[in-house]
Amino acid sequence: MVSMHREDAQRREAEELRREIERHNHLYYVEAKPEISDYDFDRLLLRLIELEREHPELVTPDSPTGRVGGAVTREFPPVEHREPMLSLSNTYSIGEVEEFSARVGRLLEAEGIRDRDMVAELKFDGVAVSLLYRDGVLVRGATRGNGRRGDDITVNLRTVPTVPLRLQTLDTPFSLGEGREVEVRGEVFMRKEDFTALNDTRPEEDRFANPRNATAGTLKLQDSAEVAVRRLWFVAYYLDGIQDPDTPHFHRLQLLETAGFFTGGHYRLCKGMQEIAAFIARWNEERWHLPYETDGVVLKLNDVRQWKTLGATSKSPRWAIAYKYPAQQATTVLRDVVFQVGRLGTITPVAELEPVRLAGSTVSRSTLHNFDEMRRLGIMIGDRVVIEKSGEVIPKVIRVVTEARPVDARLVELPSRCPACSTPIVREEGEVGFYCPNEAGCPAQLKGRILHFASRNAMDIQNLGEALVEQLVAFGLVHDPGDLYFLQEPQLRNLERMGPKSAQNVVRALDESRSQSYARLLFALGIRHVGQATARELARAFPSIEALEAASEEELADVADIGPVIARSIREWFEAPAVSALLEKLRDARLPLAAEDPKPLINSNFEGLSVVFTGALLRHDRQSASELVLERGGKIVSTVSKKTGLVVAGREAGSKLEKALKLGLRVISEEEFEAML
């Protein structure tokens, strides 16, 4: 009897936690009116995670613990859309919008319909998806794909905070109804600040070009835990399946907000072209101040009965259209071209421009990408050039106004030597860019490595800015990141703009950085292709720098998410002549060259075994199961090979299980795995 009361109390606590967590999630992300701190929110979530781990029977399909991620999927099965997800026809001028409005008016008048109100919404630059809810609970999420068939990415969409896992109770005349299947369509996107933060965690050569590319790549990641940390958002713009099929589109957007969705809030019911044109003009100016990218305005007839009347072509509906904002452009004069050297030696041409206003800010520099792009443009010093900003953080030069070329225009002298150290530059076969091979002696590369080492996502050394690093390198005070930890206050006080207080702050910040994790240090070392996520995997698989240095290319490639290219890059880094001295300095500086606080093994049942998980586990997510193996002396690998010691097969295990059986490897079930714990 006592046991039943306890079970009821635990079930009620879990239900209350789920309601509270989703309420606070909605307040934070959708309404931007948080009521509690991040710390208190995390405590609620951790308590629910604890309850569900101790009592798996309490887990529900709409539990917010699913947002944390952890499930790993091998593939994204195809799904058929209930109705085709058509793309919209584009227009690029107000004149074309007027033509669309007139055309729609004629078609409706032919049917005896005079009302033609339109809803104007911002067009988000993201990835279109469809969400299916059954009895108010999210059951499926899919990409648009080819319009008729997309990919099932439910496991990843569950991690997006603005995707409600259960629809909120609706006190509204536009009820969703009981037992109904409701479809919500919208766009998954990444905010500007989150895009910048993500790129900051990635090696220079692996950075995303824009937020849309980052979003598309993230949605197809196989590890939902990695999707969760990338902070995607979902904006809803379509609702189908409500009780009254004639509910106007404007009211459907309001209903989506009531149900817990983020709509952006910037939509308007327009009575005619004058109001449409005003909406377009307003957001052409104000869009640059939004926290996300928007590249236009979508116009839809408000009366959904007219949607059926007008129908659609094979590609797009006749009742809606997208107005695409022209990329913001400005004309200015090219003053000079300078060549920058990155921390990995890549040489990038940068245009220095006569300052000009563009998209709400003053622009004086612009990227030219690489030498081939410069040749394509035919650019010369003194030219009038057109620069463009269409969502990118850095504007780009798109063309030269050759008819305005001055008589004294000069050719751009392409360097044959590194502008920082005069070493002859080289170009690898198949590569677009040139680079400086003087890794050890090039001051520009050293400056880049120091700044990367000190950056927020690496060792997070406060007060170590670009101007100070430039002086440290120029005066020979640092030759690698290890030298930072042996700087003395008197040395720093002698530098420009460095008084006693500033010098003291730098030394204190360096000392505080010693407490950063081993995984952060691995990222800070700046190994080519090793971003934050890869550094974490390396730290798990090789718990000390000595173990990592001793690992062969094959052993490295066997680690989760590390293939032969990254493995080769790691080996090449350790084999570089200067690395041995750097590691010695880091040891002397008492930096974390091993995993923090190694715990004594709970048992040795997995000691020395390389373990592969395949299929879905019932009682563990992939991350927690991996931790259990690591705590017992094992190592997690992602691929099956002759060296694999153990394969744990869950539900729907696929090709990895087949390969393991062919190789005669030891394969166990989840029950046998738990017995080994």
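Note: Cβ is positioned from N, Cα and C throughout, glycine not excepted.
Per Swiss-Prot, active site, N6-AMP-lysine intermediate is recorded for Lys123, and the stated evidence type is sequence analysis. In this structure, Lys123 (active site, N6-AMP-lysine intermediate) is part of a beta strand by DSSP.
The Cβ of Arg144 (NAD(+) binding site) has His81, Met85, Val127, Ala128, Val129, Ser130, Gly150 as same-chain neighbours under 8 Å, each 6 or more residues away in sequence. Summarising the annotation, Swiss-Prot assigns NAD(+) binding site to Asp38, Tyr39, Asp40, Phe41, Asp42, Ser87, Leu88, Glu121, Arg144, Glu187, Lys300, Lys324 and lists sequence analysis as the type of evidence.
Contacts of Cys421 (Zn(2+) binding site) defined by a Cβ separation under 8 A and a same-chain sequence distance of 6+ are given as Cys436, Asn438, Gly441, Cys442, Pro443, Ala444, in order along the sequence. Among the features that Swiss-Prot reports, Zn(2+) binding site is placed at Cys418, Cys421, Cys436, Cys442.
If you look up Swiss-Prot, you'll see 601-677 marked as domain 'BRCT'.
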_Between Leu88 (NAD(+) binding site) and Lys123 (active site, N6-AMP-lysine intermediate), how many Å separate their Cα atoms?_
11
*Cα-to-Cα gap, Asp40 (NAD(+) binding site) vs Lys123 (active site, N6-AMP-lysine intermediate), nearest whole Å*: 35
*Measuring Cα to Cα, how many angstrom lie between Lys300 (NAD(+) binding site) and Lys123 (active site, N6-AMP-lysine intermediate)?*
12
*With DSSP, how much of the domain 'BRCT' (601-677) is helix, how much strand and how much coil, in residues?*
25 helix, 16 strand, 36 coil
_When DSSP is mapped onto helix/strand/coil, what comes out for Lys300 (NAD(+) binding site)?_
strand
*Distance [Cα-Cα, Å, rounded] between Lys123 (active site, N6-AMP-lysine intermediate) and Cys418 (Zn(2+) binding site)*: 44
